[in-house]
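Swiss-Prot annotations:
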- 7: active site (ACT_SITE)
- 66: active site (ACT_SITE)
- 138: active site (ACT_SITE)
- 7, 138: Mg(2+) 1 binding site (BINDING)
- 66: Mg(2+) 2 binding site (BINDING)
């Protein structure tokens, strides 16, 4: 199964594509969709078009996207929600089922700790997908979203989803940190 993960943002929307076979995760692609400095409709159109292009290029079976959190600034929350909506429209018009997860669910599922830092997310994603380096923060969150969805959005450590992948690398998670 191929999963497209999306980390929505108005300026930068992260994406990550993985293949899943049982507990095996394989990296396919990741990156960002950058919007131009332009009016809001143009930026939303860029996100929609970018997601549509990703679907054509990578032919995913399913998609996962981060839920919007309420920010201190209501205007920022509204803009993020609109960017997320443009991405969801692209996913749905591409025929994909879309799952939604909170940032807390994402971090809990991938790192094993709901308050994990960006750096911990990047490190865990790199290790789980056997990447030579850490992906950028937006791409790491999007890849993490795909990983989270691959394992049903649950806490992978307690379900054994992440444990086999880490054990093969001589690692485990303890108090939100990789040890090995």
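Just so it is clear, glycine is given a Cβ too, placed from its N, Cα and C backbone atoms.
The number of other CB atoms found within 10 A of the CB of residue 138 (active site), across every protein chain shown, is 24. The local packing around residue 7 (active site), expressed as other Cβ atoms within 10 Å of its Cβ over all shown chains, amounts to 26.
Long-range Cβ neighbours of residue 66 (active site) (same chain, at least 6 residues apart, Cβ-Cβ under 8 Å): 6, 7, 8, 84, 100, 101, 102, 103, 106, 141, 145.
DSSP assigns residue 7 (active site) to a strand in the three-state reduction.
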